[in-house]
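Down below is the structure, laid out as structure tokens.
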Amino acid sequence: MDTNNDIEKRILELAKQQVSPIEYENYLSQLKYNPNASKSDIAFFYAPNMVLCSTITAKYSALLKEILSQNKVGMHLAHSVDVRIEVASKVHVSDHSNINYKATKSSIKDSYTFENFVVGSCNNTVYEIAKKIAQSDTPPYNPVLFYGGTGLGKTHILNAIGNHALEKHKKVVLVTSEDFLRDFLKHLNNRSMDSFKEKYRHCDFFLLDDAQFLQGKPQLEEEFFHTFNELHANNRQIVLISDRSPKNIAGLEDRLKSRFEWGITAKIMPPDLETKLSIVKQKCQLNKIILPEEVMEYIAQHISDNIRQMEGAIIKISVNANLMNAPIDLNLAKTVLEDLQKDQAEGSSLENILLAVAQSLNLKSSEIKVSSRQKNVALARKLVVYFARLYTPNPTLSLAQFLDLKDHSSISKMYSSIKKMLEEKNPFVLSLKEEIKNRLNELNDKKQH
């Protein structure tokens with residue numbers, strides 16, 4: 001007669017043969033056979049929480065019935081067997097104290113705190129929500145998603161939450177979606193998913209940057225879905241950062257969009273001139289650089305919205321003044337900013353331009369490469385041409401092949417169309433131009449590093 005452990009093992013082995021590895025890891029491997037409640041015509045199983053219980057019942061109860069009806073698991077069963085899956089009243093929880101959550105400190109930037117986050121009307125709501133999250137012992141809102149354009153302080157606020165939570169001796173994981181994917185694939189290939197789950201599903205604060213990059217990766221979305229469910233079911237704080245609202249993340253599964261909106265969503269707006277000037281002054285103080293008031297005002301007025309670019313401009317002005325042994329004045333600032341903005345965008349690849357335009361218009365890159373009558377796609381193709389003409393060498397032939405244009409004269413028409421809209425100060429296109437430039441600068445920065 002087989003032992004209860006043998007029976008459970010055999011059931012799971014048979015189930016494992018009929019589902020994908022990721023399905024088995026995320027669902028069926030979580031089941032525990034309950035011999036005390038089971039009878040000849042009904043088999044009871046435990047799942048660790050209600051989310052898994054409901055999911056396994058809906059997706060896999062028929063499979064389990066089929067396995068049991070084959071009567072190959074060493075049980076005395078009736079011809080027809082029912083399956084019941086319940087939430088365990090007392091699920092054995094392993095000791096997670098040995099997980100080195102302190103190691104995640106290296107992924108959290110000490111310099112990003114609430115104390116040095118410049119607050120203005122553009123970000124006050126996000127700041128207050130973030131402080132409340134960090135200071136609370138239980139999640140006041142869950143999940144929380146902050147979104148907004150590049151360089152507006154989203155990563156700063158995420159790190160500030162992490163730093164404050166660490167001061168309270170909380171277990172914190174801060175990770176980008178790219179690193180989450182890399183870690184997931186490593187553990188999957190090494191068949192060490194248990195340690196992956198230990199790390200990500202048992203922290204007090206799960207902080208994810210660049211959540212928009214989860215889209216289009218089915219395995220990653222599947223794993224994140226279950227990580228999210230378990231964290232949420234166990235009342236662990238989830239904070240997500242994205243460059244756009246959940247509904248505008250093209251290609252993201254609807255079930256993830258839905259979960260992202262369960263709690264609270266808040267947008268970081270571009271800073272107004274007063275806030276930008278405060279940021280410039282703070283960055284000067286942090287970098288121990290003294291600039292005349294008129295130079296700080298000029299930087300605030302002429303750097304669009306990107307805080308990282310403001311800091312880069314401050315440092316470059318100071319360096320140039322030292323190298324030239326010249327005073328820091330308005331003329332120097334104008335020269336440096338003109339060169340800086342030109343340098344940041346020059347050398348952009350067509351791929352980066354395409355990606356920046358696609359992200360700004362919430363399209364897939366593949367959609368833009370094919371001619372279409374859809375207005376947003378047609379506009380996107382014109383914008384790719386415009387930026388390619390500005391920032392890539394000899395773009396005509398490359399562009400024709402890249403966008404599948406048979407007539408090279410089309411490139412001139414598309415470029416002229418955007419140029420005319422900018423000259424007419426079309427507000428939508430002007431806004432798009434700044435957003436695309438910011439995204440290009442960020443993509444180019446990543447390439448350099």
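Including glycine, each Cβ sits where the backbone N, Cα and C put it.
Copied over from Swiss-Prot:
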type	residues	note
REGION	1-75	region 'Domain I, interacts with DnaA modulators'
REGION	75-106	region 'Domain II'
REGION	107-321	region 'Domain III, AAA+ region'
BINDING	Gly151, Gly153, Lys154, Thr155	ATP binding site
REGION	322-449	region 'Domain IV, binds dsDNA'
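Taking a C-beta cut-off of under 8 angstroms and a sequence separation of 6 or more, Thr155 (ATP binding site) has the following same-chain neighbours: Tyr112, Asp209, Ile241.
Long-range Cβ proximity for Lys154 (ATP binding site), meaning a same-chain Cβ under 8 A and a gap of 6 or more residues, is found for Phe146, Tyr147, Gly148, Asp209, Ile241, Asp243, Ile268.
Averaged across the region 'Domain III, AAA+ region' (107-321), pLDDT in this predicted model comes to 88.
Local packing around the binding-site residues Gly151, Gly153 was summarised as the count of other Cβ atoms within 10 Å of each Cβ; on this measure the leading residue is Gly153.
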